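This report refers to the structure that appears directly beneath it.
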């Protein structure tokens, strides 16, 4: 009878966590954290506006970069309210439904970013393998359809996750491990079997990030074979140089992801601090570093940032 009464019971709210052991320093940590979010939003916003305004950047490579910037901005906006609320105002509560919404958008934008990285890899394959037909293969229509497929796949794959969590009873602990809601973190607080959630989560990860990482790997195997067939050393270096930014973006996204997965699976003996820092790095590092990488490699974006700073200085002095 007790089990029946608890079968549909859910907490009104969850309690989020900051960084274990550093509670007394939250206020001071809030300033660098705020700076990280400001850099992420400003940098990705500049990339989006530059690509939109510069006609010379209206090519598939930069259209995909624009999608990556939007995904990074979305990911930052998903986590910023709860993280800044903890570190600035020591407000750790999030309602059950708000937690599900945040969870959905975090996993959706993460899946979108993974899909965009695959599209960017295919873009590099076409550009190196058949540069003369680059514009006829990757037309604006193909780019738009690719973006739509990435979006639809991410939305549909993650869509069942909140409902799978919603069906579970929660009448034990309501304290989460992170400053935001993740599926595996919330799932572990359930007071019932989570086998369906675990199985679907595994299928979703394999279908998105698993297949995406394999596709990127195979793309670069093909790229390397194509580059090695180029006769001149200068030609090989020039071709590989066009891939540097994308390789950095892939490493920035997948290295923290792999780290989080390995620690989650094999790092039960590690301190909670390690788990929290790795999860924070997974969600905070890509939106911050991607704009820096592409700013260094793209003169139009560098010029746009310089113009913004000059205009800001003139306005401040005036």
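Glycine is no exception: its Cβ is also placed from the backbone N, Cα and C atoms.
According to TrEMBL, the transmembrane segment annotation covers 26-49 (among others). For the transmembrane segment (26-49), the residues of the chain that approach it from at least six positions outside its boundaries are 18-19, 65-66, 69-70, 72-73, 76-77, 80, 83-84, 86-88, 90, 284, 287-288, 290-292, 294-295, 301, 304-305, 308, judged by C-beta separation under 8 angstroms.
Annotation comment: TrEMBL describes 43-294 as domain 'G-protein coupled receptors family 1 profile'.
Taken from TrEMBL, the feature transmembrane segment covers 61-89 (among others).
The transmembrane segment feature in TrEMBL is assigned to 101-122 (among others).
With a cut-off of 8 Å between Cβ atoms, the residues of this chain six or more beyond the transmembrane segment (142-165) that come close are 60, 63-64, 67, 100-101, 103-104, 107-109, 111-112, 115-116, 119, 183, 186-187, 190, 196-197, 200-201, 204, 207-208. Taken from TrEMBL, the feature transmembrane segment covers 142-165 (among others).
Beyond the transmembrane segment (213-231), the same-chain residues lying 6 or more positions past its ends with a Cβ under 8 Å from any Cβ of the stretch are 114, 117-118, 121-122, 124-125, 128-129, 239-240, 243, 247, 250, 254. Per TrEMBL, transmembrane segment is recorded for 213-231 (among others).
If one looks beyond the transmembrane segment (243-264) by at least 6 residues along the same chain, the residues whose Cβ comes under 8 Å of a Cβ in the stretch are 68, 113-114, 117, 120-121, 124, 128, 184, 209, 213, 216, 220, 223, 270, 274-275, 278-279, 281-282, 285-286, 289-290, 293-294, 297-298. The transmembrane segment feature in TrEMBL is assigned to 243-264 (among others).
Taken from TrEMBL, the feature transmembrane segment applies to 276-296 (among others).
Beyond the ends of the transmembrane segment (61-89), by six or more residues, the same chain brings 16-18, 26-27, 29-30, 33-34, 37, 40-41, 44-45, 47-48, 51-52, 102, 105-106, 109-110, 112-113, 116-117, 119-120, 123-124, 127, 140, 143, 146-147, 150, 179-181, 249, 283-284, 286-287, 290-291, 294 to within a C-beta distance below 8 angstroms of the stretch. In the predicted model, the domain 'G-protein coupled receptors family 1 profile' (43-294) shows an average pLDDT of 92.
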